[in-house]
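Everything on this sheet refers to the single structure shown next.
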Amino acid sequence: MTALFISDLHLEESRPDITGAFLAFLDEKAAGVEQLYILGDFFEAWIGDDERTPLQEQVAAALRKVNESGTEIFLMHGNRDFLIGKDFCDRAGAILLEDPTVIDLYGTPTLLMHGDSLCTADVEYQKFRANMRNPQWQQMILQRPLEDRQQMARQLREISMAKNQGKEEFIMDVSSEEVVREMEAHGVQRMIHGHTHRPAEHALTTNGHPAKRIVLGDWGENVWWLEVKPGTSPTLNKHPL
């Protein structure tokens, strides 16, 4: 039995190398494992399930093939693809997870998150996130013509890039206090998340017990994945794109 965890692929048409690496990962690593978890920012942008670009259709078909081979696929929203909906998940054979979600990972309760909600020092972003995750706001956006949403996505991306360039590094990383608060609130000693593009394993203490936070890597330059098997320690793995 094996569970794999990935995040922050940021799939987009301008990076066919990442798409190719992901398709190879599905064939070589994911096919036949018990579970595959994708913890957000799977796509660089998502403006609604009705867009259905060739890239989106290719990825959905590849995921469906893996699912039909017996692998359960779980998908969590990120800060760039939070409008992924039921239609895409149905086509991909994936189950949409809430953020956060606690799973029983081979006997160890484990908290799964994308990770952006942990970056509480970035007050401006947290306000923006609250608006973006509001169901009423999302419904209003999805009712707009596709062309309007495409333009809006381009504008939001440009604004985000400009703002992030001027932010200090610590602001865009998680708050240690928020990590502990979330883990203690959910009664777990293990957390897995992405978002920060800072892959590592961090030891900490929650509720007086040793705990671990595992950060997944982004796929900008390397293929990153976490592999978990019963009775063994989780392992972070990478290889060049």
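Just so you know, glycine gets a Cβ as well, placed from its N, Cα and C.
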**Request:** For the Mn(2+) 1 site that TrEMBL lists with ASP8, HIS10, ASP41, give the additional residue from the candidates HIS197, HIS202, HIS209.
**Result:** HIS197
**Asked** Considering the Mn(2+) 2 binding residues ASP41, ASN79, HIS114 given in TrEMBL, which of HIS195, HIS239 is annotated for that site as well?
**Response** HIS195
**Prompt:** Among the binding-site residues ASP8, ASP41, ASP122, which residue has its Cβ surrounded by the fewest other Cβ atoms within 10 Å?
**Reply:** ASP122
**Request:** Inside 10 Å of the Cβ of ARG80 (substrate binding site), count up the other Cβ atoms and send me the figure.
**Result:** 24
**Request:** Would you list the other residues of this chain near Mn(2+) 2 - those whose C-beta lies within 8 angstroms of the C-beta centroid of ASP41, ASN79, HIS114, HIS195 - in sequence order?
**Result:** SER7, ASP8, LEU39, GLY40, HIS77, GLY78, ARG80, GLY115, ASP116, GLY194
**Asked** Nearest to HIS114 (Mn(2+) 2 binding site) in three-dimensional space, by Cα, is which of the binding-site residues HIS10, ASP41, ARG80, SER160, ASN164?
**Response** ASP41
**Asked** To the nearest whole angstrom, what is the C-alpha distance linking ASP41 (Mn(2+) 1 binding site) and ASN164 (substrate binding site)?
**Response** 16
**Cβ neighbours of HIS10 (Mn(2+) 1 binding site) where a neighbour is any other Cβ within 10 Å** = 19
